[in-house]
Amino acid sequence: MSTDIAFSLGVLALLGTRAPLSLKVFLTAFAIVDDIGAITVIAIFFTETINWVNLGVGVGLLFLLVALNVSGVRNTLVYFLVSVVIWVSFFESGIHATVSETQRGVLEELEDASKEVESPLQRLEHVLHPWVAFAIMPVFALSNAGVSLGEGAAGALASPVTVGIIVGLVIGKPIGIILFAWIAVKTGIASLPRDISWVQIAGAALLGGVGFTMAIFVTGLAFTDEALVLQSKLAILIASLAAGALGYLLIRYSRDIESRLE
């Protein structure tokens, strides 16, 4: 369900000026919605008991952060202290610990998508970004993948679980993103930015199929059978690589494709 924002935006970064800013905003926006969906699934299906008081405190402080940002508060220390209390509140609420990390990540992604005002969160992000992008994320991805390419891998490729995940990430999810974007434009809910085309939208939708880190993490929560875990991880790895490569190529050669379609 969740789009791996770090890797998908990394692909767009490789495209340079071929990927307009509005396309990056589009990808970030639907990826944030994906993250919210993934958080909801983890909170509902992988949490045994919930302390509603602590959860209420955490949610209330999230709204407080939004209010502080809207009101123009730019003191980094204030945001840091409130964020620490939010993390502790979510952790003590009993919700799976990943939600505490993921909800913070969603806020940071939302802050990054807003380019009009330089907020304290963005200043912190600029400092930490090189470490996260080039050290923490690659190590996290590789350590959580744990995909064995031994004898069992060949048999896993024919598994319905493997096929289902690959089809879902590479075909199903992009179709859903394109379809609902088209419906939004046709009904007037949204408008297509002038600097991007439907071919580029399709490319970004394919990048939505890059579900690497969070998808592998949820696999560990959902399955206890080692065979199913292997099949799922292998499928996620294959699907993420395929979706990333196809999305990259579609956006890179979007102008050539559009000229041939005209």
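Heads up, the Cβ atoms here are built off N, Cα and C, so glycines get one too.
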>> In TrEMBL, one of 53-71, 110-128 is tagged transmembrane segment. Which stretch would that be?
In response: 53-71
> Do the transmembrane segment (28-46) and the transmembrane segment (234-251) share at least 3 Cβ pairs closer than 8 Å, excluding pairs fewer than 6 residues apart in sequence?
Replying inline: no
